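Take a look at the structure below.
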Amino acid sequence: MVLATREFAGGDNSSDMTNPNLDTLENEEFNFEDNHDILEDDSESIGTNDNKPLLKNTNKGGSIVVNLSENQNGLSFVQNVYLEDDDLNIILMGYQFNHFRLYLYYIFCFLTGGALYLLARWLPKIWIWWVGKVCVMGKAEWVVAESQWGEIAIEYVKRKYYGGTISSVFSIDQLDDEDAACNKSYPDEILHYLRFFDHRYIRFIYHPGIEKFLQNSFWKDPSWKSTKNLKKGITRDVYNEREIIFGSNIIDVQEKSTLQLLTDEVLHPFYIFQVFSMILWCLDEYYYYATCIFIISATSVINTLIETKQTMYRLREMSKFVCDVRIFRNGLWRYVSSEELVPGDVFEISDPNLHVYPCDAILLTGDCIVNESMLTGESVPVSKLPITDATLRMLDLTGVNVRPEVSKHFLFNGTRIVRVRKTKSNNISDNNDDEGVALALVVRTGFNTTKGSLIRSMLFPKPNKFKFYRDSFRFIGVLAAIAGIGFFISTFNFIRMGVNNHIIIVRALDLITIVVPPALPTTMSIGTSFSLARLRKAQIFCISPARVNIGGKLNVMCFDKTGTLTEDGLDVLGVRCVDQQTNRFSDLHTSADTLSSVDLNDPSVDAKSVRGSDFVSILYVMTTCHSLKLVNGELIGDPLDLKMFEFTKWLLEESGQSSSYPSSGAKTSSSALSSMDQPATSMIGGYSIIPTVVRPPGSEQFNLSDLLNNENTSYLELGIIRTFEFVSSLRRMSVLVKRLRSPTMEVYVKGAPEVMREICRPDTIPDDYDELLNYYTHHGFRVIACASKSFNNLNWMKAQKIKREQVEQGLQFLGIIIFENKLKTGTPPVVEKLMRAKIRQIMCTGDNVLTAVSVSRECGLVNKNIKTYIPRFIEGSSVTPRAEIVWENLDDPKDLLDSKTLKPLIQPESNYSNEYPLLNVSKYDLAVTGDVFRWMVDFADETALFTMLIKGQIFARMSPDEKHELVEKLQLMGYCVGFCGDGANDCGALKAADVGLSLSEAEASVAAPFTSRTMDIGCVIEVIMEGRAALVTSFSCFKFMALYSIIQFTTVSLLYSFDSNLGNFQFLYIDLFLILPIAILMGRTEPYPRIYPKRPTASLVSLRVLTSLIGQILIQSGFQFFVYFLIRKQPWYKPPVIDPDENNITSFENTILFLLSCYQYILIAAVFSVGPPYRKSMYSNVPFILSTILLSLLTSFILLFPTNLMQEIFELVIIENYFRWWIVYIAALDFIVSWLMEKYAFGRIAQWIRILVNGKVKVQKKLYKKIQSEL
């Protein structure tokens, strides 16, 4: 008989999760001595989709991609929907009730005593088939949503009065071409009623023109084209319409009532099985045992309810946020609850009472700094700027991720406000209430926001598709089959003995409760629970517990470079400028003081002469071309920008604040630039924008009277008039800068050297450009190139309208800034450990490829003695299908790879020709650039692409989207991929990876399932070790529970042979005192401190595992049969007196089998407590060792020194002393045989069987292994 504690597997397929982080977690185990029969299949074990094309890019559409099943009239019954936010495909099918069959369903539920109801509850397809009839979507009363994982949810279609037009509900952006054409041909008529349903907190609304349900999460108002119009807000009527469409702006997780939770828990299949078992035990007069199990089960249910309620409460507290917001609606400013916000509303973000953004919005006026760590993992505060009309037209809400061009203007729900600056007004006669405030436009609300996506990812995690999970339930099916065989054999035996029919039925059914353990799922989750607790102590937090198990399967680990492998804050090594006379680079300037030969604060120095003298222009680039902000007297922003600005020692002033040495002069100087220059140029609609100002250290205090009297007018102040932010696709940023009273405006640009070369005038590029750039990048330094250009007659207004393309062209190259890219101290040891563990490591960075190679070699990620090949285009580009790429050895450009096979060529004497015999060289690495990666994925043949994915160790100049795509391509090759990064640029890759690990100060991030507060990659080692320990623990627990069932089944079957059984308190002792503590404590063993090269197996049906299980079953059963027949041959043995109407508990056989089986439960736990190489030795698990010792002593005491009370409670008979010691010796022999066979024999037996069946050739199942063998 078995003890049920808490179970979470199977059962309710409702779309509402009641306990999101307490789902059942199944794991795997591997014996390190068996390295021959592990045929792993990661695509099965981690649930990847092998049907995705590898070479061709798939456009998931960002909207609903529909494939319809139609009837003969062309009406749709079925929709295939892709939820991009959840990366989930679902099938929608419309149904109506068949009322006649519905009434029959109710009648049969009553007649079967609720059995039909339970069956339909556990298997929803039965209920759907019974009561529903398929219909077109337009007439559906309810919709069945089935996910690609087979999860089924039934959603009822609601009907609500609307009264608006079709175009006000559906955005043309979310329709594909066919649907858009259909929508265009359909009249924009009034929708009197909206038909909709909510699935996974996403609202689907029926479109009568195209006869489909469309998501409202991608809605965008077609009038959002001009920021000027957006500031007008919406009317009351528009608000009423949109409130119906989108509902309340609140992320409110539906919490089931206590009665609902209790019903769900009690009606779980395992609890129903437990109730069935207790009824059987009562019928068999096992009242004590049934009562104890009932109390324990009830306590378990109550604890589960309490824990579920607490989990949901914490989740609701984290998700639900309501505040008062000042909005502009119906032409008036007013305060409303944030719940009332709808897309199109304009609200004030400069309200001092607003600390957290209550929705997704775009910034219209003012600027702000926000902390987005909870959503992106980016610990550095992010600056947000007002959106322009051009960028507004690029706003695309059909995808989850916001485009980089728009992200600088996008305010995410749930992000904290660090600082907000209002728009300043100079028109004091204008009394409009919206002047002088910072405004934002609501674009997404509720669960449609990015924060809503985070909450939904917690509520609906991807199901655990480990192969072990499926195998475990198949094995339970095998156990059920064994129980069935035992049922029929016992029934036949009882009939033969003339046992009462009532006892025959009860006893035979009781075998099923013994063999199938309902506590199995809970037991298998124990290892993961302990791993999660240890990870939390190591400051590693997880929002998806199932990923702990997958961490044990990783065989590829991708790392971002800056901030992950290297220090976040780079140090400036120095600056090298262009010497105009020699057209070569100057010597290295290690101090900003040497960049100018004049005193910048000397009022006698003319401004024009300063601007053109020496190398001061590059100094101006370093002081102005950044996105730093001043908050409470402290500069914040990108670490590289911060180090660059600190190198100059200049001061930054923003809205009257100074970064250091604050004085009244600082405030005056800032206002001087605006008051003297701006009124003539920057007045737009009564507003003037005070620019950020920088000035040199120790500059003289500004005096306004001196400026008016034309005295001492050469104060050096640079005002940053406009900033073109860094864009990953352009790999550069620029600023428009004006010096105080200067007639010209300057543009300063910094960016990647290869990009800057393209936008600079060729005559300004120094002769030694390539030589010097290669030197620094080869030695691991990060290089930033600088350039500038002057604009005459460019006033403030024109500066706000000029296009970026006009600014960033025809530039004068100024020089380079060299940064030291120091490795984190913890990087080399971790890389070495992963290398020893034979886990492939890949660097995936946006930095220069040569710098990436240098850093990789320095930290050991790439072997210095192995050739590294770098590609470049010799004809065409990444968008040219017939482009030609040459792959050159980094250290010897004449050493090439064949462009089709990417195998080394014999070094030719002449130019690039691929008609050379191939060298049989397999040890070499590839360092791939982002543009070549893009071309290879889009246009290269299969052989070259596969080779690149397998041999590529460094992927440089990769955009965030390309990082994401690289992870997906590696997964499709069969790899189990991890990704470790530290910022928003890695979000896509972190979410796509099987294990994403974000280095961030936040406890939870939408960016990754794992978040580490320790800012080095040592957390990767922890996750892998804990994952492997969890896998092995779950495997050990499964094998232990399986053997426990079989041992008890054998005991009871032998006793059934003469109409006997175990007693009440014998069952209680086994389940409560032996099995429960052992099952819990055996999972506490910590992971082994070193990562073994071979991963744990994913298969429960591998030869090694099956050999072990079957072998141990035979050993334990054999010893029970031995003592069963041995005691019958003793001279003092007395056969039991059989009474067909009684339980017949007390007998010699019962006593001896009960005591031996108690030893077997203990010894089999010790045998299955696997230690190295995935866990520490079981001797390190002190509580487990103490419990096994104490339980062994207690069992020995019951055997050797039984008191009268013990004999009465356990219904034992007196056995001769010598035979009692024989049982101890037999138990010891049992342990020795079991341990020796498990340790040394079963692995070899499995190997012999495999060789006998398959031969010595090992069949490779994964694509990457097949290609590796060919290479």
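Using the three backbone atoms N, Cα and C, a Cβ is placed for every residue, glycine included.
Remember, TrEMBL labels are computer predictions, not curated facts.
The model shown is predicted, which means the values in this text are computed figures rather than measured ones.
As given in TrEMBL:
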type	residues	note
DOMAIN	87-207	domain 'P5B-type ATPase N-terminal'
DOMAIN	228-281	domain 'Cation-transporting P-type ATPase N-terminal'
DOMAIN	325-458	domain 'P-type ATPase A'
REGION	1-23	region 'Disordered'
TRANSMEM	102-120	transmembrane segment
TRANSMEM	286-306	transmembrane segment
TRANSMEM	475-495	transmembrane segment
TRANSMEM	1038-1058	transmembrane segment
TRANSMEM	1064-1082	transmembrane segment
TRANSMEM	1103-1127	transmembrane segment
TRANSMEM	1152-1170	transmembrane segment
TRANSMEM	1182-1201	transmembrane segment
TRANSMEM	1221-1237	transmembrane segment
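Residues 503-504, 507-509, 511-512, 514-516, 520, 1038, 1042, 1045-1046, 1049, 1053, 1056-1057, 1059, 1100-1101 of the same chain lie 6+ residues outside the transmembrane segment (475-495) yet bring a C-beta within less than 8 angstroms of a C-beta in it.
Simply put, out of 1038-1058, 1103-1127, 1152-1170, 1182-1201, 1152-1170 has the most Cβ pairs sitting under 8 Å from the transmembrane segment (1221-1237). Counting only same-chain residues 6+ beyond the ends of the transmembrane segment (1064-1082), those with a CB under 8 A from a CB of the stretch are 1-3, 5, 286-289, 292-293, 296, 519, 523, 526, 1033, 1036-1037, 1040-1041, 1044, 1048, 1150, 1154, 1157-1158, 1161-1162, 1165, 1168-1169, 1178, 1181, 1183-1184, 1187-1188, 1191, 1194, 1209-1211. This prediction places the mean pLDDT of the domain 'Cation-transporting P-type ATPase N-terminal' (228-281) at 87. Tertiary neighbourhood of the transmembrane segment (1182-1201): same-chain residues 1073-1074, 1077-1078, 1081-1082, 1084-1085, 1155, 1158-1159, 1162, 1165-1166, 1169, 1210, 1212, 1220-1221, 1223-1224, selected by CB-CB distance under 8 Å and a gap of 6+ residues from either end.
Tertiary neighbourhood of the transmembrane segment (1152-1170): same-chain residues 29, 31, 1032, 1035-1036, 1039-1040, 1043-1044, 1047-1048, 1051, 1054-1055, 1062, 1066, 1069-1070, 1074-1075, 1078-1079, 1082, 1085, 1112, 1116, 1119-1120, 1123-1124, 1127, 1178, 1181, 1184, 1188, 1191-1192, 1195, 1198-1199, 1210, 1212, 1215, 1223, 1226-1227, 1230-1231, 1234-1235, 1238, selected by CB-CB distance under 8 Å and a gap of 6+ residues from either end. With DSSP classes pooled into helix, strand and coil, the tally for the domain 'Cation-transporting P-type ATPase N-terminal' (228-281) is 36 helix, 1 strand, 17 coil.
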